[in-house]
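Notes to accompany the following structure.
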Amino acid sequence: MSSAVFLSLLLVLSCQQQATSGSHVRSNQSGVGLAGQPSSHHTLAMMFQNSNDECDVVMNLSAVDRCAFVKRTPDCKMEDGFINYLYVAFCLLPPNLTPLTITLCIIWLLFLFVILGLTASKFFCPNLSAISTSLHLTHNVAGVTFLALGNGAPDIFSAMAAFSHPHTAGLAVGALFGAGIFVTTVVAGSVALVKPFAVASRPFLRDVIFYMAAVFWTFLMLYRGTTTLGETLGYLSLYVVYVLTVIISACIYNRQKHSMNASVRNVAHIPEFHSSDSSDDDIPCLTPGGTIQQDYESEYRPLLPYSESTSQILLSSLNPVDNRKWRRKSWRWRVLKVLKTPLEVLLLLCIPVVDPDKEDKNWRRPLNCLHLITAPLVCVLTFQSGIYGHHMIQGEFPVWLLTLLLGLFLSAIVFCTTTNDCPPKYHPLFALLGFVVSAVLISTAASEVVSLLHMLGVVLSLSNTVLGLTLLAWGNSIGDCFSDITIARQGYPRMAISACFGGIIFNMLFGVGLGCLMQMVQTHSDVQFEPEGLLTWILAGSLGLSLVLSFIIVPLCQFHLGRTYGIFLLVFYAIFLLIALLTEFGEIRIV
């Protein structure tokens, strides 16, 4: 709803801008009318020469010339994405239906965000958790690597998709900086309002310092307008240093805790050992394999042995609705679940999920055999917007048909050599398959989001940066906002505040770093940044200022985050958003 309201407001403001600019253009044309009116082809040529981002000037043309301009301008042809949204907006739909076009785009954008959220939460994250369990990683290592990747997958893949083209790089910068401000102000402020608490001092300072370093390094790259391969690799290595710092600090804390407990082991009363690094001490085990969950599920186990048939296993595996949860939830949750069920069924048909906490590891023999057919086929048809779907081997045999035949062969072997009750020894490999397929789908959906937002920016005469810091940042962060607030209401605010700062460091470093590496591989040259005027510097400066203020204010408050601090963060974000919008619409400019 916030995205729809925001777009409606932008539509009104942009229409006013276009009306003003249109009247200005008409007055200029009337002034030269005596000398002769320039042709539309001459106007197109002049606009093509005088604009750095050629497609942005299409709204300055008359409605009759827009379709021809979109067709002949290379910048309007988006290679990443299944749909050319600019062609749809200016060639397929009539000009008088622009509000309808924007409304349909809003609906499709919300649907793409649902795809991103469902794929990341239901498939990408569980398979990453299964992979980390199979590799026997510790909680600290898994939290700052696989868990961070799972939580930040939509942000990272959106940034990588935006960085693939120089004219959409502003979306990535706006989204990463905008999500950083949103999470560190709105989400953190909401957590402080819901549940005032004392934050763990050393982990908080560690995360803020590393995030400030990442923001400052990104600011330097934007200021210089370029980055080299060595600097990009160093930029990515900053996260490696962060991971090592987390692991070393956890080892030091555990050693101190064990030594303290050993020294007082023979004392009748053992005092509780408090440390500022014990950010997770008040967090119970929330994994599905916990004791509470096992006891709850044991109540619903059949008293007598019961064996399902293969068809029953397949049908039950494709049912995303839990009857027990359905009875407990509110009607709003049920309505949303009904709307998401068709999409969840399609994803269940394509992506396997391995759950190490279950007795059978979530082994579903008929469905997993079907995954060996559908999963590789989905990867071929969706990777890089389906470019390999039409590829022919030696001009005769399509790649998708070869993938289908290999999938049928492997599926038949697995089905004939396994049983319904016992998972095979190679079942953890299905987690790797699910990870790859979900990553490809997230990347594809992210590319569509970037292409769609670029079209909205052209239609509404908005920069990519403002769309990135609002719609893209809100869409990728709204799930984290609700989940962190829910965790805080349940009495675990330290977990929520740790998620606020820990995840965005990973998103910033890997979103920008991997995006730059991809562009270097494609262009075989250094990455060139094109900051979109004053708004980029306001965005970077606001994020840096919010981190500096938190770095100063929180220690002065003795690391107690109260409601006053929460209100301060929310007001800070409101002021930042107001300044950003006034800058975008030209009310604030450099004299």
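The chain as shown is numbered from 1 upward.
Cβ coordinates come from backbone N, Cα and C, glycine included.
What TrEMBL says about this one:
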DOMAIN    107-247  domain 'Sodium/calcium exchanger membrane region'
DOMAIN    431-581  domain 'Sodium/calcium exchanger membrane region'
SIGNAL    1-22  signal peptide
TRANSMEM  100-120  transmembrane segment
TRANSMEM  141-163  transmembrane segment
TRANSMEM  169-192  transmembrane segment
TRANSMEM  204-223  transmembrane segment
TRANSMEM  235-253  transmembrane segment
TRANSMEM  367-387  transmembrane segment
TRANSMEM  399-417  transmembrane segment
TRANSMEM  429-446  transmembrane segment
TRANSMEM  452-474  transmembrane segment
TRANSMEM  495-522  transmembrane segment
TRANSMEM  534-557  transmembrane segment
TRANSMEM  564-583  transmembrane segment
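Note: the stretches the transmembrane segment (429-446) and the transmembrane segment (100-120) are in contact (3+ CB pairs below 8 A, sequence gap of 6 or more). Highest Cβ contact count with the transmembrane segment (564-583) among the listed stretches 169-192, 452-474, 534-557 falls to 169-192 (criterion: pairs under 8 Å).
Here the transmembrane segment (235-253) sits against the transmembrane segment (204-223); at least 3 CB pairs are under 8 Å, leaving out pairs fewer than 6 apart in sequence. Within the domain 'Sodium/calcium exchanger membrane region' (107-247), the DSSP-based counts of helix, strand and coil residues read 123 helix, 4 strand, 14 coil. Long-range contacts of the transmembrane segment (204-223) within its own chain (CB-CB distance under 8 A, at least 6 residues past either end) are made by residues 173, 176-177, 180, 184, 231, 235, 238, 242, 245-246, 249, 497-498, 501-502, 504-505, 508-509, 512, 529, 531, 536, 540, 543-544, 547-548, 550-551, 554-555, 559. Looking at which of 169-192, 399-417, 495-522, 534-557 has the most CB pairs under 8 Å to the transmembrane segment (452-474), the answer is the stretch 169-192. Between the transmembrane segment (534-557) and the transmembrane segment (169-192) there are at least 3 Cβ pairs closer than 8 Å, counting only pairs 6 or more residues apart in sequence, which means the two stretches are in contact.
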